[in-house]
Amino acid sequence: MRILPKSGGGALCLLFVFALCSVAHSLSCDVKVVGDVEVIGYSEISKIKIPNAFSGLRVTIECKAADSKGHFVTRGSGEVDETGKFHLNIPHDIVGDDGTLKEACYAHLQSAFGNPCPAHDGLEASKIVFLSKSGQNHVLGLKKSLKFSPEVCISKFFWHMPKFPLPPPLNLPPLTFPKIKKPCPPIYKPPVVIPKKPCPPKIAHKPIYKPPVPIYKPPVPIYKPPVVIPKKPCPPKIHKPIYKPPVPIYKPPVVIPKKTFPPLHKPIYKHPVPIYKPIFKPPVVVIPKKPCPPLPKFPHFPPKYIPHPKFGKWPPFPSHP
């Protein structure tokens, strides 16, 4: 009997080799985006140096794909160097073989704190266009340079470090060490004798030994098998479904440039001249008070005779309470 080999092994090998070749081809492709950043209004802020104005700024590439339903997706980001230039890499999937972009991509400038900077020349000035191609490497760039104002797009904060002079030398006393004294001669003493404790006296009579207490072993136990009580079957466990949270979709903030309004001059209002009108009040009616009737006369009491006073004269009372 003859066993024929299967023909499926060769197809699997060819598929594996094709996958390796596609991965190597995709890794060899390199897509770079280069550009420069320009400062506007530098003469107004003379305290900021040009290398410090670019420190901390970042450039992000936002692309508008067809399957993203009109939303922008971040494809790459990079920092701006001291000369105002930047270069970063983006995925090669969004670039065709002829160098054309499959998606509409734009460059956005961000401050050192991650806030987006306003675009001065509009959105079309920051659009990514094809520049050159050498082999599998594509070089993309911008239509115009990105412009920003240091007043709106804030860079890193640098402290001004003045050159302080060195402190004066310290006037310290000379370093001296204490004198080492010679050791005294040893003093020999006789050893301390500790007296031994006396032993207890010996017992003269002989001890009387009694027979030991007998030890009875317990009887051999008889083991019986335990009564098996059948358990009721438990109900089947109900596994709760595990709901995974949805994948968050981060939307980049829409940059709305602020509208400039003309200055408003507030009108100056003056208080009008007050017009005082006289207020006429009715006269107060005074009701005369009726006279009170005359009080009756106080009856006359004869003076009380006291043979002798019990107390002396009282001191005079004050007139005020």
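FYI, residue positions are counted from 1 along the chain as it appears here.
Every residue gets a Cβ built from N, Cα and C, even glycine.
As recorded in Swiss-Prot:
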| type | residues | note |
| --- | --- | --- |
| SIGNAL | 1-26 | signal peptide |
| REGION | 168-319 | region '24 X 5 AA approximate repeats' |
| REPEAT | 177-181 | repeat '3' |
| REPEAT | 212-217 | repeat '8' |
| REPEAT | 218-223 | repeat '9' |
| REPEAT | 245-251 | repeat '13' |
| REPEAT | 252-256 | repeat '14' |
| REPEAT | 267-271 | repeat '16' |
| REPEAT | 272-276 | repeat '17' |
| REPEAT | 277-281 | repeat '18' |
| REPEAT | 282-286 | repeat '19' |
| REPEAT | 288-292 | repeat '20' |
| REPEAT | 298-302 | repeat '22' |
| REPEAT | 315-319 | repeat '24' |
- line: For the repeat '16' (267-271), the distant same-chain contacts (Cβ-Cβ under 8 Å, at least six residues beyond its ends) come to none
Per-state residue totals over the repeat '18' (277-281) - DSSP helix, strand, coil: 0 helix, 0 strand, 5 coil
- line: Across the repeat '16' (267-271), the model's average pLDDT, rounded to a whole number, is 81
